[in-house]
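A.B. asks: Pasting the feature list from TrEMBL:
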type	residues	note
TRANSMEM	481-502	transmembrane segment
TRANSMEM	564-587	transmembrane segment
TRANSMEM	797-819	transmembrane segment
TRANSMEM	864-882	transmembrane segment
TRANSMEM	894-913	transmembrane segment
TRANSMEM	933-953	transmembrane segment
TRANSMEM	1006-1029	transmembrane segment
TRANSMEM	1055-1074	transmembrane segment
REGION	1289-1322	region 'Disordered'
COMPBIAS	1293-1310	compositional bias 'Low complexity'
DOMAIN	1295-1528	domain 'Alpha-type protein kinase'
REGION	1532-1562	region 'Disordered'
COMPBIAS	1540-1549	compositional bias 'Low complexity'
COMPBIAS	1550-1562	compositional bias 'Acidic residues'
Amino acid sequence: MSFTEKPRKSWIEENFSKRECVKFIPSSRDLHRCTPVCQVCQSLIRCCCGRLTGEHSWQESLPPASLHPGPGQDVEEDWSTELHTRASPTNAYGTVDFEDTATRVCRAKYVRVAVDSKPEVLLQLMLREWQMERPKLLLTVQGGSENFILPPKVNQAFSKGLITAALSTGAWILTDGINTGVSKYVGEAVKIFGGHDLRTRNTVGITPWGVIDNNTDLIGRDAFRPYQPLGNPLSKRACLNGFHSHFLLVDDGTLGKHGCQHGLRRKLEKHIQLQKIHPRLNQGVPVVCVVVEGGPAIVSTVLHYVSNVPPVPVFVFEGSGRAADLLAFLHKQTIDRQLDADIEEDFLIRIGDVFGIERAEATHLYTLLLQCIDHRQSVSKTASAAEQLSMTLAWDRADIAQKEVLVYGQHWQVGSLEQAMLDALVMDRVSFVKLLIDNGMTMSRFLTVDRLEELYNTPQGQTHRFLHHLVEDAKQTSLPIGYHLSLIDMGLVIEYLIGGAYRSTYTRKHFRAAYSRMQEKGRWGSSASLSKHRRGLMPTSASLQDLHFFRTAQPYKRKVGGGFFFFFFILSNIFLGDASLLVSFNFNDLFVWAVLQQRQQMALFLWQHSEEALARATVACKLYRSMAVEARQSSMDDNITERFKTYSLEFGQLAVDMLDCAFRQNEQMAMKLLTSEMEAWSHFTCLQMAVSSCHRPFVSHSSTQTLLTDLWTGPLNMRKNSFWKIILSLLLPPAILVLEFKSKAEMCHVPQTHEAMLFGLDSVKSVSATEGTDQPQTCLSWITRLYDFYTAPVVKFWFHTMSYLAFLMLFSFVVLVKMGDQPSVQEWLVIVYILSTAMEKAREVLMSEPRKLRQKLKIWFSEYWNISDFIAILLFLAGLAMRWQADPYRTAGRITYCLDIIFWFVRVLDLLAVNQHAGPYLTMITKMTSNMFFIVVMMAIVLLSFGVSRKAILSPEEEPSWSLARDIVFQPYWMIYGEVYATEIDPCHDGKPCPPASFLTPFLQAVYMFFQYIIMVNILIAFFNNIYFDMASTSNKLWKYNRYRHIMTYQGRPWLPPPLILLSHMAICLRAIYRKFSGDLYLGHEDRKKLHEFEEKCVEAHFHEQSEGLHSSQLNRIRATAERAEEMCMMVGEVSEKVNFIQNSLSELDCQLGQLQDLSALAVDTLALISASDSLHQEEARLAQCRLVTDSRHVLPHSWTLPHRAGTDCDVPNIRRLMAKSCKSTPPSLLKGYTLSSSFQSTDNLYPHYSGINSVSMERNNLMRLAHTIPFTPVSILGEQVSVYSLEEVPSDDPASSSTSSWSSQGQTAVLQPLSSEEGSLDGGLRRGCRMLCTWAEQDVLRPGLVYVVKAFRPEVVRAWQRYFHGSTALQLCLREIQQQRAAQKMMQVFNQVKPDDMHHSPRFLDVSLVLMHSNGQWLTIERNMCGDFRKYNNNTGEEIAPCCSLEEVLLAFSHWTYEYSCRELLVLDIQGVGVELTDPTVIMADDQRYRSEMLFGPDNLGDAAINGFLQKHSCSVCCRRLGLKGQKYTESLKRPDSCESSSEAESTSGEEEQEDDETRM
């Protein structure tokens, strides 16, 4: 499918549609009592679809003329989607941007679809168009659609568990998508625990189109629509949740009706359940229903899921409320028994109480609940072990597989684990591969030819195409479409990438023959034939060392009825007679597959297993480096090349770390790892592979350099012998006997042959096998000393160097003196030297490891100095051939000699490269020479452009000749070095005729010199300078890397220099005749086994060091601290619960102690009365007691005052209500556990003589207990602590005013808890509001239990007024806001006093206080929350509503009155509130010169503009006239009148003074 814009639009519009109602069917049969129906009433009647008549689209039909049914019309017609809606292409799809999510960008894809859309098309939309990942699990969340409170613990468990399950399994989450109910909690879970990526959220909301608030904003084709999730709280519609990633907006043609999405949601869930969890697995997508809270409809939904085929598991969150709690309770109570009759009755009552339904409906719901529980067995049936393993494999949850699937006693079908391993490898599930290997899976049994080829042919997009390109490059041919890669092809690719003399096992002749035989005959052989081959064809142990690497492949095939047949084929009798070696595929083959498939994590895991870990790391480094080169040459994406380089560096660093770990543990074993042959890797060594991959850090490592030093010095102890002694020994051989040599113990890590170090070249032994390791060096025979001395590479170097210098002196003598007709003795020596050198080069080519001559030459010519030697030898042979001829050929031969000697002198630089100081400089020269090519090309272009034009102008009549080409570049070239040819600048200076336009040449020369000499030469110098500094920093490392080549060169070179090297060649030929094969290996079987054990220990030590470093890192410490903090938090929560339990127990104990105190007090009083009866004053005491009893019958203590009913028991609910009311000023935690007795006896039932004393004593004891419990009860109040400052009325010293307002000297503490803003937004243009619940207050500064409104100025308002208030701007603004409300409150008090008595309404403004938040130091204002219909009567610009009642007339008249009362200086506007309770007024003050420098009232004071607007727009009512306010005066100018009435002046003066006093206090 095309990815352009137009096809995608057309595809969505062609496959998805919307629904529109086309026939109006009234929802109510009782239309109207008017006859006939009036037009107004007809337009207000809604259709069954939820729309009014005007909201319908009448494109194809006419609107109904009347809603009254005519004669013959069916009144009982039912509205349906199929009959009364029309489908048309959808017009709403695209991306929605949720604007209120300021913390991060939250956008979602959406589309409007019809209710009858096909589920397969919806799935195609989500997978292809929306690019959602294929679901591996479907979590459908069901629950309550209305807002409910989820307990914190349940909310935490639901949110974290849901998102963890979704992210770890790649699940989709289906919800209703609205911003209420359980969908809102899902959105909050995604917000807290989900990711930012849209593709990883996969939270799909299936929402009815008709219930979405502002759904018309979403209309548009491929639109980008901003959306505000906060809707109108009074609206019945819902908003979309901003943390869903995709929305399917289901349209059935209705408006404002829920439920149409359920059918489409179930069909989509069923269709997703039928999809494969992975293309390789036959397991369908599991579906799990999650139930949170919910109403009666959720019970039917759960029954549908559990009764489905196959049944859907239902996960119920207990404690979430309503239906979920009922399901959880019934599930636990009916696990192994039925409900008892009494429990069943209580459960039915509980159902009715929870849902508020009648007995019959509760019984029906109970039946549905029992049916849900009856399907518990069908849901609990588990799948087979193989299906469970496939499911966890698709989820990539190895932890679940380890705990639940791969357990002891699990029954497995034959071949199930092998198939699971194959699936895990293809799906790149590293954790599962590790798990299966830990459970006994072996590569020798699992890996077969078919499986290995299936792994290589796994389609993986760009990786598979790149592998095909590598095969094409390796085979030098094009592959057809659908070509099946074979192991032989992979062998060619491996050889192509590693290069050199490497030969893959897959490309060897015996493997090719056996593979062809397998392809022709099919899979043949059986266990009997295998046993036969094993009995007769197994080689002896002595011949195992000479055998090459063979493999046994085990193709697999499913057996009918279960199990697998394992077939074998044997690769044998190729080059080795009838002997055959049966070796299985191992981790190396799988490791190379992971590297070629670019599966880095899998390759890193497989690297740890089996042997030769260091070798595998170097091989991977080489393969990735070569793949990076191929990707760059193929012009592939730069990211691919960089990824290959990163992988190569990762394995390279791994090899260096391994080598470093081994070197620290055992130096000699580490060097053995470098020099041991790897049979599985074409007999290469780790060091050789590292050099071929240009791995400089590996070659520069201390272990490698120590080995190279030992190889360079050979048996000589160079720590005590300088190179002067070596030269002296070469000149005087008897001096060799006084040199010191190394013992065999010191040479044990050096290879015994040189084949492992130089592509299979023969060499001589380094240590005599006949000598013992414990013999002293003085006992070595002089013959052994001579042999060891002359075979040391350092001795070879000096011997060859001295011979080469002698050759150069002879050659120089030959070319400098006159050449005779016959060669002189010196010339003959030169000829013999060069011819013997040519024979040595031929020997190097022929004895190299590759079998084909073409490959041998390719490897040999890859070295620069070999090319130089080849040219020098050819040039000398050409000169020698011409030298034997007569003149002029002899002269030509001599000139050839002269040119040829240049190459032989340059060859001396290679000898200097061995030196540690000269070597880096040669590396710099090589780097500069190779990188200056493009700069030289640019200089040549400039040179030719000037030379051609200059020559053409100065020599217009030149004839064609070769000298013409020379003249073009001759002088311009020397001009580069500063030779300007000043005498030839002016061609006319000697009086010669000037060629036309000759005056241009000086100008052209000036431009040329500027560009060439000033610019290009300086660029070249800067370029060289940059290379020098770059190379200088790494010169030592580069020299160490290049040192390997020089040492290996002299390690395999014969010790005799040319021309004596011919004797060495003869000795090599004789040794080859009598000893065809060099059977000496470096390490025996036991030594190799020890070496592999040592390497495994190094791998374990390496990972141990890594794990220690990982655990000690700072990030992991923080993570561990966070986990411990969570555990401590849970422990603190448990301790808190225990503390609450102890508090309850102590409260009960306190009540019991109180009762005991009451009884003891009663006993004491009784004893006192008994003793008083014996005294003389017994009668007086009795009369006093009767008086007290009479009073106590009518008056109870204030804390127990209750209404009585003629001596009957008190009303216990009223007691509890009155107690709660009397304790409102106490924090709720103080009342916890405070209980009352279930019944109280009236005072008439007590003993009449002691009832008064009993009441007084009980009241005293109760108060004492309450006083004792308050100080010691821990207070755990939810909310934030604030300080409240309020205005207090204090007596005034001024006799004119009774009191003044003053701020409290110290703020009082209160605790406020924020409430959700579901009742509507409180934000205004200047301030933001928030409802808060007072949970505790000091000295009743606020009333606990009441809801307050806290307001704060917007940040932009505060920033705007900072230039006026340089201190606390927010505090100054809050003070002025409180000031203007207090001013309006004062004027309202005066207004209520002066207004006529028949104006019954007495409005009042709320009290406002100042609040300081302790958490952030923010200043706010607080006032009591008003419940009811909030209305606004006018605004601060003077606009007002049309009054429709007496209250509105009074309030509008109040604004008018304030203007006259203040002598037209102040005007109170912005009257708003609920009923007679008003808030947030605006005091408008006329512009005056005295107040321009400061703001006396709030920032919304608009001055004369607001007053002028009010005077123009205000209409006086009856109240204005009754107050004596006249309207014709308002059209006058705003200037203050010259005089006012005395009373008005007095009122104005007093008002101004009061305001000034308030301002002074503030």
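We number each residue from 1, going along the chain as drawn.
Each Cβ is built from the backbone N, Cα and C atoms, and glycine gets one as well.
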A.B. asks: Considering only the recorded stretches 481-502, 797-819, 933-953, 1006-1029, 1055-1074, state which has the highest number of Cβ pairs under 8 Å to the transmembrane segment (894-913).
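C.D. replies: Per the Cβ count, the answer is 797-819.
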A.B. asks: With a cut-off of 8 Å between Cβ atoms, can you find at least three pairs linking the transmembrane segment (797-819) to the transmembrane segment (1055-1074)? Only pairs 6 or more residues apart in sequence count.
C.D. replies: yes
A.B. asks: Quick test of the contact rule: Cβ under 8 Å, at least six residues beyond the ends. What residues does that give for the transmembrane segment (933-953)?
C.D. replies: 964, 967-969, 971-973, 976, 995-998, 1000-1001, 1004-1005, 1007-1008, 1011-1012, 1016-1017, 1019-1020, 1023
A.B. asks: Could you give the mean pLDDT over the domain 'Alpha-type protein kinase' (1295-1528), rounded to a whole number?
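C.D. replies: When the pLDDT values over the domain 'Alpha-type protein kinase' (1295-1528) are averaged, the result is 83.
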A.B. asks: Could you give the residue numbers and ranges of same-chain residues that sit at least 6 residues beyond the transmembrane segment (481-502) on either side and whose C-beta is under 8 angstroms from one of its C-beta atoms?
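C.D. replies: Those are 449, 452-453, 456-457, 467-468, 470-471, 473-475, 511-512, 515, 592, 596, 619, 622-623, 626-627, 630, 681-682, 684, 689, 692, 759-760, 848-850, 855, 859, in sequence order.
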